[in-house]
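Under the heading active site, Swiss-Prot lists Lys13, Asp138. The ATP binding site feature in Swiss-Prot is assigned to Pro96, Met97, Gly98, Gly99, Gly100, Ile101, Gly102, Gly103, Gly104, Ser105, Ser106.
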Amino acid sequence: MSTPQLVLPAPAKLNLMLHILGRRPDGYHELQTLFQFLDYGDELGFSVREDGEIHLQTDVPGVPHDSNLIVKAARALQQQSGCTLGMDIWLEKRLPMGGGIGGGSSDAATTLLALNHLWQLGWDEDRLAQLGLTLGADVPVFVRGHAAFAEGVGEILTPVDPEEPWYLVLVPQVSVSTAEIFSDPLLTRDTPPIKVRPVPKGNSRNDCKAVVERRYPEVRNALNLLGKFTEAKLTGTGSCVFGAFPNKAEADKVSALLTETLTGFVAKGSNISMLHRKLQIL
């Protein structure tokens, strides 16, 4: 591998709560959710090509090259901007697929921001976020890089600043299909809307949790194990579960006990994504 011109992180996110308010006529769901980033994620490398080709140099098992959101993001930006340059892209994958922590969406957002920089397009955040929304509902929050209360299908973002604890995230070895969860007839779809401020705490939950637990015993097991030490929550539509701790030492202590049988990691919550902190010093 040649040395990339630019290396950037693609951070994970957590849904600290996820309420489903109803189903729209177009089949999508109205929801309210609270996004916060983690100082942990994938890493991407980028080098400009002169021939206009987009090449992801890293194979992702189970995902064809042209179906990868990284490639889709690069080609969408290339097409919309009219840029004739190309890009070689490398991926160091740490975030699980179907984990509910934003792996694919975060990779796509990092790609948009990196290519905007390297191709010197000068697109602003609003324009990049609008393009990101065509790739996935979670892409805009990663483009903007600030913890947010999201409404609509997840695209209406209000910046917020919740507490930034340490988290233990457990990763059950299953990939959860978002479409499968949202189409489940037993999914709660009538939660009353809540206000953005104060930042939701006690009255918050994940409306997908009961459906995911019923369909995936591995997730139920992880929630039960973590729940012995702290409040255990599901992020997104799963499969990852998480719990908050006041400091790294306590999170590490529980991690040492649980990761003998489960995969997991400890990371700091952050209201400004590590991607944006890196971009600010370029």
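Each Cβ is built from the backbone N, Cα and C atoms, and glycine gets one as well.
Positions of Swiss-Prot features highlighted on the structure.
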residue : record           : Cβ contacts under 8 Å, 6 or more apart
Lys13   : active site      : Phe35, Gln36, Phe37, Leu38, Ile101, Gly102, Ser106, Asp138, Val141, Phe142, Thr235
Pro96   : ATP binding site : Gly103, Val171, Ser175, Ser239, Cys240
Gly98   : ATP binding site : Val174, Ser175, Val176, Ser177, Thr178, Gly238, Ser239
Gly100  : ATP binding site : Asn15, Val176, Leu234, Thr235, Gly236, Thr237, Gly238, Ser239, Cys240
Gly104  : ATP binding site : Asn68, Leu69, Met97, Gly136
Pro96, Met97, Gly98, Gly99, Gly100, Ile101, Gly102, Gly103, Gly104, Ser105, Ser106 excluded, remaining Cβ within 8 Å of their centroid (ATP): Ala12, Leu95, Gly236
Fewest other C-beta atoms within 10 angstroms, as judged across Gly102, Ser106, Asp138, which are the recorded positions: Asp138
Three-class DSSP secondary structure - Lys13 (active site): strand
